[in-house]
Amino acid sequence: METPVPDEDHMPSSSTPTDTVATGPIQVAGDSSPNQTPPDTPKINNQQGVSSNSCDLSSLSTSPLHEPLVAKDLGLEPDDLHVFVLSDAGKPIYSRYADETKLAHLMGVMQALVSVANQDGDELRTIITEERKIVFKICGHLILVAVGPHVAPTGHLNTVLKYVYNQIVSALTVQRIEKWFKQKHNLDLRNLLIGDSRILSGAIEQVETQLGPTLNAVLCIPLSVSVRDTVVQAITQPIKSQDLVFAILLTNYRVVCIVSMKKHFLHPTDIHLVTNLVRCSQSFKAAPTNWLPICLPKFNPNGYLYANLSYLDEHSCLVLLTVDSNQFYALQTSKDQILSVCPSS
C-alpha cells in the first residue's frame, strides 16, 4: 500500500502546531473550562507531512487481532463503579474488579495522563465524556482513579478515593509508604498489602451504601441516655492501663459507645476505618482475642495504635486501642473484666 506524500511546496511548516483530538472535556487544576472538540476535519501529522486519512485501514478494522478492546474484554462491567490504585511509576496496586495484573497496560495509560498534566505544571483531576466521569486523586506516590457514570457526583467519587487511600494508610502508614518508595521507586506495593484487597473493596462498599462517610458522621445504635451511660461505666471502670487511648463498642457494625481516656478526639473517618476492618474480617470471631496494629490517619498518619479486638457475642465487638505495643496483657485483663460486666448491664 503506497502512501501519497505531499509536494515540498505544500509541506506544512515545522512551526505549525500539531492537531489533537479531545475525546471529552478534561479538567485540570486552575482550568475549569472544558476543552472544545475541534470540527471533524482530516488531521495532518505535521511532523511527517502525511495525511492521516490517506491510508486505507479497512483491512485492520476487520481483523480480529486489531478489534478495539472494550471493558468486558478486561473483565470489567461498564456500568459498575470502578476504582484503580497504581504507583506513580505505573505499577498496579489494586483494582476493585478483575485482576489488576491484567490491567497493567490500562494503568500505564492512567499514569501517562497524570504525567503529561504534571509536566505542564497542572494536576489532572477529572475527565468527563458523554458516558463516563473519571476522577483522579494523587496522594504522594499513589495515584487513585475512580470511573463512574457521567451523572455520578464528583464529590462522591472523591470520597470513595479518599477512603480507599485512608484504608491503605491504616495498614502501612504514610511514613512507611514514603520511605519504601524513596528506597525503590518501582516498588510493587501489593507485596505489602497481601489480603487487604477485600478491606479496600469494603471501604468502597461502605461509601456506596452509607451516608456516614459522605457526611463525616457515624451511625450509632439508638439507646436511651441512661443505658448508654451504663455501658460506658462498664467499660471505663475495669480499665487500669494508663496507655489506653480509645475504647469502641460496636453492635452489628454500628457504634454503641466510644470512650476516650485522654481527651483525644476520634475522627469519624477513623471510626469508619475501624468499623470496616471489623466488618471485613469475619475470622476475628473465631479467636478469643485479636491483637493487631492499625494506623488511624486522622489521629496520626505516621504511627500505629495497637488494637485488642474481641467479640462479646455474635454481633457485638469491643475494640481497645493503645499506643504501647507492650500492653497486650494489661488490656487482656481489662477486656476480661469488661466482658464479665457488660452482659449484666
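Any Cβ shown, glycine's included, is placed from N, Cα and C.
Automatic prediction, not curation, is the source of TrEMBL annotations.
As the structure is a computational prediction, the values presented were derived from the model and not from experiment.
What TrEMBL annotates here:
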- 12-21: compositional bias 'Polar residues' (COMPBIAS)
- 51-61: compositional bias 'Low complexity' (COMPBIAS)
- 82-196: domain 'FUZ/MON1/HPS1 first Longin' (DOMAIN)
- 243-339: domain 'FUZ/MON1/HPS1 second Longin' (DOMAIN)
- 1-61: region 'Disordered' (REGION)
The average per-residue pLDDT within the domain 'FUZ/MON1/HPS1 second Longin' (243-339) comes out at 91
Mind tallying the domain 'FUZ/MON1/HPS1 second Longin' (243-339) by DSSP state, helix then strand then coil? 30 helix, 34 strand, 33 coil
With DSSP as the yardstick, break the domain 'FUZ/MON1/HPS1 first Longin' (82-196) down into helix, strand and coil residue counts. 53 helix, 31 strand, 31 coil
